[in-house]
Structures are given as C-alpha cells and as structure tokens.
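Lifted from Swiss-Prot, the feature list:
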type: TRANSMEM; residues: 1-21; note: transmembrane segment
type: TOPO_DOM; residues: 22-53; note: topological domain 'Extracellular'
type: TRANSMEM; residues: 54-74; note: transmembrane segment
type: TRANSMEM; residues: 83-103; note: transmembrane segment
type: TOPO_DOM; residues: 104-118; note: topological domain 'Extracellular'
type: TRANSMEM; residues: 119-139; note: transmembrane segment
type: TRANSMEM; residues: 162-182; note: transmembrane segment
type: TOPO_DOM; residues: 183-198; note: topological domain 'Extracellular'
type: TRANSMEM; residues: 199-219; note: transmembrane segment
type: TRANSMEM; residues: 277-297; note: transmembrane segment
type: TOPO_DOM; residues: 298-327; note: topological domain 'Extracellular'
type: TRANSMEM; residues: 328-348; note: transmembrane segment
type: TRANSMEM; residues: 362-382; note: transmembrane segment
type: TOPO_DOM; residues: 383-586; note: topological domain 'Extracellular'
type: REGION; residues: 383-586; note: region 'Extracellular domain (ECD)'
type: CARBOHYD; residues: ASN415; note: N-linked glycosylation site
type: CARBOHYD; residues: ASN439; note: N-linked glycosylation site
type: CARBOHYD; residues: ASN510; note: N-linked glycosylation site
type: CARBOHYD; residues: ASN532; note: N-linked glycosylation site
type: CARBOHYD; residues: ASN539; note: N-linked glycosylation site
type: TRANSMEM; residues: 587-607; note: transmembrane segment
type: TRANSMEM; residues: 622-642; note: transmembrane segment
type: TOPO_DOM; residues: 643-647; note: topological domain 'Extracellular'
type: TRANSMEM; residues: 648-668; note: transmembrane segment
Amino acid sequence: MGMSKSRGCFGYPLSIFFIVVNEFCERFSYYGMRALLVLYFRNFLGWDDDLSTAIYHTFVALCYLTPILGALIADSWLGKFKTIVSLSIVYTIGQAVISVSSINDLTDHDHDGSPNNLPLHVALSMIGLALIALGTGGIKPCVSAFGGDQFEEGQEKQRNRFFSIFYLAINAGSLLSTIITPILRVQQCGIHSQQACYPLAFGVPAALMAVALIVFVLGSGMYKKFQPQGNIMGKVAKCIRFAIKNRFRHRSKAFPKRNHWLDWAKEKYDERLISQIKIMTKVMFLYIPLPMFWALFDQQGSRWTLQATTMTGKIGTIEIQPDQMQTVNAILIVIMVPIVDAVVYPLIAKCGFNFTSLKKMTVGMFLASMAFVVAAIVQVEIDKTLPVFPSGNQVQIKVLNIGNNDMAVYFPGKNVTVAQMSQTDTFMTFDVDQLTSINVSSPGSPGVTTVAHEFEPGHRHTLLVWGPNLYRVVKDGLNQKPEKGENGIRFVSTLNEMITIKMSGKVYENVTSHSASNYQFFPSGQKDYTINTTEIAPNCSSDFKSSNLDFGSAYTYVIRSRASDGCLEVKEFEDIPPNTVNMALQIPQYFLLTCGEVVFSVTGLEFSYSQAPSNMKSVLQAGWLLTVAIGNIIVLIVAEAGHFDKQWAEYVLFASLLLVVCIIFAIMARFYTYINPAEIEAQFDEDEKKKGVGKENPYSSLEPVSQTNM
C-alpha cells in the first residue's frame, strides 16, 4: 500500500478532488458520445432504425459487461490506479477513432456530400466503439472503489457522502454533455460540402476524456494505492468449483453436513479466502433481481424519448425537443442527491426509522415501478389524440382539389364534394377489396371520370384532382407520426414547368407539374423557402415563410400562380395534425424514476463497496455493473418478443414485473445480515499472529460482527 497522505479538505482526502473531476469529465465524454450514436448510425452510416437501435443497445450492454475484465485486471494484475490509467488511454483512443470515422470528407472523393467508402467508416466506427466499451467498462468498477480506498478507518460518514458526490459528478457530466453535444451536432462543417458536424460533436467528448486522464494522473502522488493480491477471481472460481466437486464426492449420509456449502473447500483452501467468498456470494445473491430495475431505468433513452416525439414541447415561451427531455433526469439528480443526502435521510433517522441500504434499494425499485405506471397513463392520453393509420388490409384516401372548380368524388358507399383549393376533412378508410371504383365529376361538366389505380394496402393516399379527367393518385409515404417530433412537408405544384424548392438547407428537386414531392422533415419553428421558377411575374417575390411548425405534424404546400397579378401563392393543407399532449406531463414519471435512482443506485454503489472484502471490492463493483448490462438485454428481449399493439400495455408489463421483483428483493433482503469485512479480516489477522501463519484457523464459518436486519 502507498503512503497515506495527511492532506485533506473539509474532512475529505484531497485526492478525492482529482477522482471526482476525473469522473465528471469521463461521464461528459461517455454520455456526450452516446447521445449522438443513434442519429449517427441512421443519418451518417445510413442504417435503418431497427439496426441502429440494436447496435446501440448492444454497445451499451457491452459497456456494462467489460467491467468484469476491468475488475480482473485491477484485482489480479495492475491494481486499480494503473488499470484506470491504462484503460483510460484505450478509451481516449477509441473516442478519437470514432471522431475520425465521422469525417465525411475522409472518403468523399467526388465531393457529392456522401462518403464513397462507407465500409471504412463503419469499420472505424466499430473499432472506436469497441475500444470505448473496453475503456469505459474496464474503469467503471475501479474508479468508485479507488475513491473509497482513499478514506481512513473512522471516515465511514465521509466515505458514504463521497459516493453521493461521486454520483452527482456522474450526472452533472451527463447533464452538460446531453445539452452541449446536440448543439455541436447541428452545426454545419466540412471541406467540400456542409454536413451535420459529427466530427466536432464526437471530438469534444474525446478531448474531455483526454482531460479526465490528465487530471487523474496529476493526483497520483496523493493517492493511497493498494497492490493487487494475485488472481483473486481465478482463486474464487477454483475455490467454488472445488467446494461443489468435493460436496458431490461426499454426498453420502456417512459424511456429516457442514454449516455452509463453501466449507467443503476447507480441505484445500484457507479459511480467510473461504470467508471472503462467503461474503461475496451473499452480496451477489442479492444482485439477482436488480437487472429488472435497470431494464426500466434505461428506457429513458428509448421508449420514453419515443413517447416524447408524440407530444408537443411548447411550455409557455420555452420550446423543448423530444431528446432534450432526457436532461430532466440529470437535472433532478443534481438537485435531489444533496437534498436526499443532507435532509431526507437525516429526517428519517431522527424519526427513529432504521432506513438501511437494502430498504432504500427496495423503495427505489418501487418508485421506478410507479414511474412506469404514470408513463402508461400518459400514453393512454397520447393514444386518444393520435391519428388512425390503415392496417395491412386497409387503404386510406383523402381528396385534395387543386383546381379552380368544385369537384364531386364518388366512393363506394360515400360521396363527397370538395371545393376549389380545399381538401376533405379527414382520410377515409376502406378495405382493399371494397375500393373497387372511384368516380370524379365536376358540377356543370358532362360525364364522369373513373379513377383507375391499384391502391397499396396499409398506406395512405391522396387523390389530386383539378378538373374533368384530370387527376393523380399519390401514395403519401407517411404511415406514422414523423419521428423525433419533426414535421413533414411536401410540395404540390400546379405550374406548367419543373421547379426546385429550397427550404432550410434542404432541396426538393424536379417537382413536376400537378404532382407531389416526397416529404422532407424539419424541426419545429418557422422555415424560409425559395421557389425557383420562370413562371413568375416581374417584381414578384419567390421567397416564402412556412407557418410556425409545432411537433409531429405533416403538411402539403400547393404552389400556384395567382390569376390577378401572376405572382406565386402557396396554400397549406394539413395531412397529420400536430401533437397536443404536452411533454410537461412526462415530468412526474421522470421525477418518480429519479427518486428511485437516487435511493437505489447511489445506495447500491455504497453497499457494494462497504460489504466487499478488501481484495474483492472491484469484483463486486463489476457485479453491480453487470446487472445494468443484463437489464439492457432484458429490454432487447422484451422489445423483440413483445410486439404489443398498445405501448401502454408494455409499460404496465414492465411496471408489474418490477413490482414483483421488488417484493422478492424485499424478502431476500430481510434475511441478509450486514457485516463489517474490515473487522472480520482484522480478527483473522489477530488470530494468525497468535497461532502462526499457515496453521488451521478456528473460524469454520463467517460470523458477522454487526447485525442489522435488512
């Protein structure tokens, strides 16, 4: 062990400052990078939503699986300090690689704005993510445990508060990064073409990771450093394997039972190691139900964000984007951690209630379950406002009259009259085999035109009409609300030439006469656009402004030449109404989930450290983090296998599962007895001094020093 430094500040070791700043910078780096991944996969690498989501969750799961490797390296080979430094270098390289992979101009040899060697970008991205997963996962179990190592005996209160400060640093880094990196992403940059600036958005987190490494190394002279005690995980595995094999060899009634199944390893392994493994397995047993909490918690970045895309973000004069709602959790954490630590827990203690670690974790699981009940209620309210889209054997159609006369349209069992430059109020729904014929006529004009078109099942269509025998059927291409709360806009031109429209950096090319462009998607707010055409009178403007777009809407803009003066005019028609349920209704579910996180996650970190033997602290921290990985895997399984017709039903399922797990955990915790590993090991040290090292120790089973139920 390194020399213990006497320098301190407010009762805390000064070295803690470097560890907390390191964690803040590292979490900024990780969450800033992670916030961009799905959009990077979809918009830069060109993957579809399903593949992007699968790779994203696989990466997150890998980040929480690699802590096992980090714990093995720290406890068996390099020690915590050298492990953190070594894997932080790997981490920084990974961040730099993914930043380079996002440079469009790296392979854009023809300067068309698209990379010519996409497989190279994919390969670099995967290498970068693999290095990041190894780096961030490898240091996870080491940093918090290394911070706990800096405290002396008798500083239990300061150590417990350190874990709260440590968790506060995590969420402060997360909060700032999720605000800043999306702003960096929307900047335009590039040598040959202006693109979303992923290199800058990834580059800043890479720079912060380098800062984290430098800050951590600067504190080197102040740290208490414990030397690794051999391949502890290997010893544990061998001891457990020997105990199981020895027990089955002696399963006959002729052999007396032993107090604990691990006592069957006493023929080969010393009592100290067996006792330490008993401590570890008791804690690991409590970890079994925990992944269910993380299965719910990590859906903030997926299901809850998708829920926000079906809501409106206008709160007074403030406008919130759907992916910004994730910052609510980080903001609440920064506020609530000190309040809970300095106010709530002391008040509970003054009331005489023994609010132990496992009781706190049980309450946290219950609160997370209730958060999903609230999410289900919000989803029910959202579902009431969502438009109905056609099923697989249905067709939806509306009529848009872009002519100068009223038009009558005859559907099977339904007739509508549409005034000039107007549309039907809603989409009409028909079974595919029901829509056999559509007839169109114009009042005052002889004859009826029959629309000959084969409608595609499961899609919306628009019937454009502008006179007798003049029509066109357009497949809309929108069978759901626009993603991420954006707004879809398409143009229909009645001009007699091919035109181009430029709107907020996007181009609608070659829009032909009396046809519809594809939808392009824009965030909320008013958008400027320019119509390039020769069919415009002198002194007339070709520059226009859209209406003030809300969230999740879609519109058709019809362009025509005004008969009175030859100037262009544009009329807006609503295809999908904007969202009406406000994102503010998500705040209660975020509040409940954050309350659950504060009393569950912070407590879990401290519990894992306090109950671990000195040589197995990183192992138990890795076990704690492994529960997060398994939780992400549960989400993947349920998402793939569930296929719920209603999203609220999936929320209720998750809430019910966690509630059941919460009850099971409470029962398990009731039978757990708290121990002080340091005092137990001190007893072993004292006994070995009396009897001599290597002699048989009288402790045949672990007797707890202090006992507290749950």
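Backbone N, Cα and C atoms are what each Cβ position is placed from, and that goes for glycine too.
Remember, it's a predicted structure, so these values are computed and weren't measured experimentally.
Everything Swiss-Prot records as a feature, shown here on the structure.
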residue: ASN415; record: N-linked glycosylation site; DSSP (3 states): strand
residue: ASN439; record: N-linked glycosylation site; DSSP (3 states): strand
residue: ASN510; record: N-linked glycosylation site; DSSP (3 states): strand
residue: ASN532; record: N-linked glycosylation site; DSSP (3 states): strand
residue: ASN539; record: N-linked glycosylation site; DSSP (3 states): coil
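All protein chains shown were included, and the count of other CB atoms within 10 Å of the CB of ASN539 (N-linked glycosylation site) stands at 8. Listed in sequence order, ALA408, VAL409 are the same-chain residues six or more apart from ASN415 (N-linked glycosylation site) with CB atoms under 8 A from its CB. Counting only same-chain residues six or more apart in sequence, the Cβ atoms lying under 8 angstroms from the Cβ of ASN439 (N-linked glycosylation site) belong to VAL409, TYR410, VAL448, THR449, THR450, VAL451. Counting C-beta pairs under 8 angstroms (sequence separation of 6 or more), the transmembrane segment (119-139) reaches the transmembrane segment (54-74) with 3 or more such pairs. Residue counts for the topological domain 'Extracellular' (104-118) under DSSP (helix as H, G, I; strand as E, B; rest coil) come to 4 helix, 0 strand, 11 coil. Applying an 8 A CB threshold to same-chain residues 6+ apart, the list for ASN532 (N-linked glycosylation site) reads ILE499, THR500, ILE501, LYS502, SER542.
The stretches the transmembrane segment (362-382) and the transmembrane segment (328-348) do not meet in space: the count of Cβ pairs below 8 angstroms, excluding pairs fewer than 6 apart in sequence, stays at fewer than three. By number of Cβ pairs under 8 Å, the transmembrane segment (162-182) is matched best by 328-348 from the list 83-103, 277-297, 328-348, 587-607. Beyond its flanks by at least six residues, the transmembrane segment (648-668) meets 285-286, 288-290, 292-293, 295-296, 299, 303, 358, 361-362, 365-366, 368-370, 372-373, 375-377, 379-380, 383, 638, 642, 710 of its own chain at Cβ-Cβ distances under 8 Å. Take the CB of ASN510 (N-linked glycosylation site) and look out to 10 A: across all protein chains shown you find 10 other CB atoms.
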